[in-house]
Every structure is written in structure tokens, then in C-alpha cells.
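> This structure is in C-alpha cells; I'll ask about it shortly.
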Amino acid sequence: SIMCGRKFFDGSGGNDHAVNHYKETSYPLAVKLGTITADGKGDVYSYSEDDMVEDPLLVKHLAHWGINVGQLEKTEKSMIELELDLNQRIGEWGILCESASQLKPIAGPGYTGMKNLGNTCYLNSVMQVMFTIPDFVRRFVDGADAIFERAPADPANDFNVQMAKLGTGLCSGKYSVLSDNTLDTIDSSSGGIAPTMFKALIGRGHPDFSTKQQQDAQEFFLHLVSSLEKHSRQPPATANPADALKFCIEDRVECCSSGKVMYNRRDEWCLPLQIPLQKATNIEEVKRYEAEREAAEKEGRRLDPDSLVRPKIPLSACLDTFAQPELVEQFYSSAINAKTTAKKTTKLASMPDYLMLHLKKFTLKEDWTSIKLDVAIDIPEVLDLETLRGTGKQPDEEELPDIVGRPPTPPPMDPEVMEQLIGMGFPPEACKRAIFFTKNTGIEPATQWMMEHIADADFAAPFVPPGTGGKSGGAGTGTAAAAAAPFTPDPVGLETLMGMGFTDRQATKALKETSNNTERAVDWIFSHTEELDTMAIDDATYDSVATAAAAAAGGAAGGSAASSAGGAEAGTAQSSSAGKPSGPAYRDGTGKYKLVAFISHMGTSAQVGHYVCHILKDGQWVIFNDNKVAISQNPPKELGYLYLYQRV
């Protein structure tokens, strides 16, 4: 008979049918069907011995019931495999939550926890870190009274009001109650604030953040940045606190045939870093542990969870991988009017006040299943990034000539292949890359390209066909050039969005707001439905008209008008008649930083598990685990996911 297993103490699990069968018949053996292999192995449990056993006659016993083990294949993890996975997760959980330490709770202003509303630990961790940045405190805590005074009739739906409410709750200390609870206490009802209204507002209309499912903290961080960008531009215009995190990425592309160069720049708020496993400093130890693990699985032995050996990789190796030149095949060079090979180098054109590093731990295995890299990164307290600073066009460099008189013509994209790749869950921009670099030869080559390049730093970045993008100019002229040019939506992205049912106006607006990033544009549309419904004119059209008027007027006045019209999309914050806030395009300074916070994830994928954050406050590390706040004894810096550095 096929029956279910035992019922657990919390009511989950089976219904005890197999146990009751043993009690009624005294037949003690049961086999877990999904673990049976063609060689007659499987998980066999003896209820009389209350333990796992080996059945040397398993093939014969199953044949009695007409089951031919030669036709079976293993579909589920064995108990040993499950136990090894659990031990690994428990070990990670214990380290990140500091379960083995005697943690001392702390309370007061800036030490307020946040209640978990059901898989909202990703939101809690990100918001705790954001409100340690002075710009957020000045905007939403120090300025809370002014925000509340001009609050609309329905404050529940006002972003600024909800941010101010959350910020004052976290920073005032009014809701921070010192208790005897430790971080591993099951009770989650005591202390802290419940961000119920903020969660409902910021997730409204979003396909992921409106649900009660676990989400990626890095994706939520970028969603928060997009929301801040939107609401900081609405009247009355205010400074955007996310400007403290904003920086400029510089891509230098050199034609290997002519030696001429092209510079492209884009805005970023988070620096993604690929993890080079081959750079581990303990490769031999890892190999020995993996061999021992495999042997333990075969022999049915249990491994001590404390014996786990993670690959140890220096953060410097991740940064070196980011800055390493990349060869671009099939690059169309406007200098030689032919396809050739180019060399692409990515650096930082500006150094923000606060730099968020994103370690790309989540990836895909060869069988397309999600996996999290279980690695330990050697994180320095102080970081010097001056070697990553971009310098713009040099005097001895010659730029690739522009393709004058027409916008870049994108290569043909097979819509069927594009649809299949997107259906597999790949970002649209990555799909364009795969189709382009495999020369439109079909789904299999494109899929293979995806697997080989999924860890690339620019895997999901906006795709500009090599050799067809416009130049940004040198360090001193790139911003002005971008400000003077009207926005041109990416034709492929525009077609993709319109194919999803969005109008031309909506698609153009979304692409403009997300720097021609199709994936982010879709997210932007779902997050700004009300704005799209009430939008009077397309901003792209406005920019074109304003730029044309400035060019016709000429002179200083014309230059000023052009700067005002194009400032928003060039990343500037210059004042204009529309009431946009004033300030520099990017904050810049020395490239030396110190670590002030990090967010950690425990679990096997971004859709499951738990997030906590550690923040450096008043010279000591503090752990925020939802509503539980305590002084950290052993901050696990090597196991973080997002790291926040402050310029010194």
C-alpha cells in the first residue's frame, strides 16, 4: 500500500497512515518511493526499530507488488541528502543570526526593530539600512513635520507620508522597548513597529512585492530607488535621498582593428559583483570536503555540520573580475565599417557618498534550477576603489565616428526565440544579447550562450548592439552632450513592451525612466499605473520640443533651456521652470570607503529563507533580525549578500 508518513508536532506532514498500518499489521518496513534507484537502493525505514535500515531483498519485495526497480529512477532526495542540506542551512542560519552567542538586547533611538508581516524580512532589512544614511534621515525624519503638515486627505496612499512615518518610527526610539528576548526567541509579537501601510503602498501594483512571498532584497532595493526617483520629482520638488547612492558607470569599448574607442555612461545605485569561484584561497580544502561529503552520502554516514568548508574568496578578486577587460565578438566598428573584435572595460566614473555592493550569489545550475553559491567572502573593513575610477577619453585616444543622420539600427531579433527565452525566466536584455551574439541561429545556441554568460556583470544591463551606440564624450563633456540630446527609446525594447500590450506613450515613458532597460521598464509601468493614466504629455516629446527650441534660440539662453530639458535623463539635477531640484549630477569624492552595514540571506534561493542585517552604530555592530535588535558579538561579514560602504 502507498501511504503517507507521520504528522509533525505542528500539524504539518502526513496523517500517520503508515504508522497506523504498522500498528495494525505489525509489518514494520516502509520505503520512500522517490528514492528507489535502478540498482535496488532506496530509503527503507523500520517502525519496529524506529530507524533507517537496509533491506537486502528490496528488489524482491517490490517485485511482489509488481514494481520493476529496473525501470525506476530517483526523483527525491534521500534522508541523508536532506539531513546534509539541513545541517548546512542550520549552520548558515546559526552563524548569521549569531545563535551561539549570548546577545545583549539594545533599545533607544535608531535601535527599533520591525515586525515580520509574513516574509517581509527582505523589506525590514533594506529599510533599516537605508535609514542609517543621513540623507534619508534629513528627508523623512528631520523633515517629517513638514511632510505631515502638507499631507493629502488620504495619507495612506502618499509615499512621502509613509516613508516619514516609517523613518520616525525607526529613529525616534518611541517604539524601541528593551526586553529579555534574545534573537532566537520564537515570539515575534513583542517590540518593534509593523510596516503594514508602507508595505501595502510600495508593493501596490508590483507583481512580486505586492504578494506575501519571500523576495530578493537587492531587487527590492532597486524598486525603492525607482520609487524615490519618481516621488522626488513630483511637486513640491525635493532632494532625492537616493542621490547619496547614485553613481556613474563608464564603459570603454576599444576597436581591436582600428584602436579607436567609444565611451558610454549610465546611472547605477548598486554595483553588482560576480563571484569567481576559481579564485578561492582554499581550493584544496574545499575539494577534500566535497570528496568526504560524497563518500558520506554513499555510505549513509552523517557529517558534522561544523566540518563544512566554504570556498573563501577575497573581495578584491570580485572587484578584479568586474574591472577585467572583456572581449566583444561581432563588434561593428564604424571606423572600418565592418565587424571585428572589441575590448570592453567597465569602471566607475564617480564615487558616491555611499556605495552598495551586490554579491551575485544567486545563479542557475546546468539543469536550469536555481542555486545559491555557498561561499565566504573576505570583506575588508576599509576599501580603496581608486584603481576602478574611470578617466574618460584621454588626449591620445581617437573616438569611433558616430553613425550620423539616423538612430542606431538594431539587429533583427527573432520574436519566437525572444519569447521562448523570456518564458524561461531570462531578463529581456540578456535575451537580446544571446540572440545577437549567436547571429539569430535559433533557440539552442541562444540558450547555450545564456548558460555561458549568466554570471557576466552586465548580463541583464541595457543592451546596445556593439558599434551602434552613441558616444558619451570625455569626462567633462558627457553630461552636457546627454543633456542636449532628446531621448530616443531603444527600438527593440519599445517593440517588446508594445507587444506586451502597453501603448507607445507608456513604453517610451517607461524606457526613459529606466535608461532603456526593458526589464526595469516593465517593473516601472506596473509601479506607476496612476501616473501613466494621468500623464498629460509624453516626456520624450517634451524633451524633443524643448531641445529644438533651445537650438533655434541659440546663445546662452538656448544652452540653458537645453540643459533644463535634458537634465533629468542625463542624470543631472539642475533647476528649471518645472521646479526640479538643484544639485550636481553625481556626488563624487575619494574612492576610499569603510564598511557600515551588510544584509545577509540564509536559505537556498532568493524565494525562500530569511534576511537579517548588521549595522555599525556608535562604533559597535548591531544585528537587526526583524523586531529583535541586539549588540552583535560576531558579525558574520563573510556571509553577506549586500554590503554598504561609506566614503571616508
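Placement of Cβ uses the backbone N, Cα and C atoms for every residue, glycine included.
These came from TrEMBL, pasted as-is:
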DOMAIN    1-69  domain 'UBP-type'
DOMAIN    112-648  domain 'USP'
ACT_SITE  C121  active site, nucleophile
REGION    391-411  region 'Disordered'
COMPBIAS  561-579  compositional bias 'Low complexity'
REGION    561-585  region 'Disordered'
ACT_SITE  H610  active site, proton acceptor
> Mind tallying the domain 'UBP-type' (1-69) by DSSP state, helix then strand then coil?
20 helix, 11 strand, 38 coil
> What is the interatomic distance between the Cα atoms of C121 (active site, nucleophile) and H610 (active site, proton acceptor), given in whole Å?
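C121 (active site, nucleophile) to H610 (active site, proton acceptor), Cα-Cα distance: 6 Å.
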> How would DSSP class the residue listed as 'active site, nucleophile' in three states?
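It is helical.
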> Would you count the other CB atoms within 10 A of the CB of H610 (active site, proton acceptor), including those on all shown protein chains?
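Cβ-Cβ neighbours of H610 (active site, proton acceptor) within 10 Å number 20.
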> Name the secondary structure element type, per DSSP in three states, that contains H610 (active site, proton acceptor).
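In three-state terms, H610 (active site, proton acceptor) counts as strand.
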> Counting across all protein chains shown, how many other Cβ atoms sit within 10 Å of the Cβ of C121 (active site, nucleophile)?
25
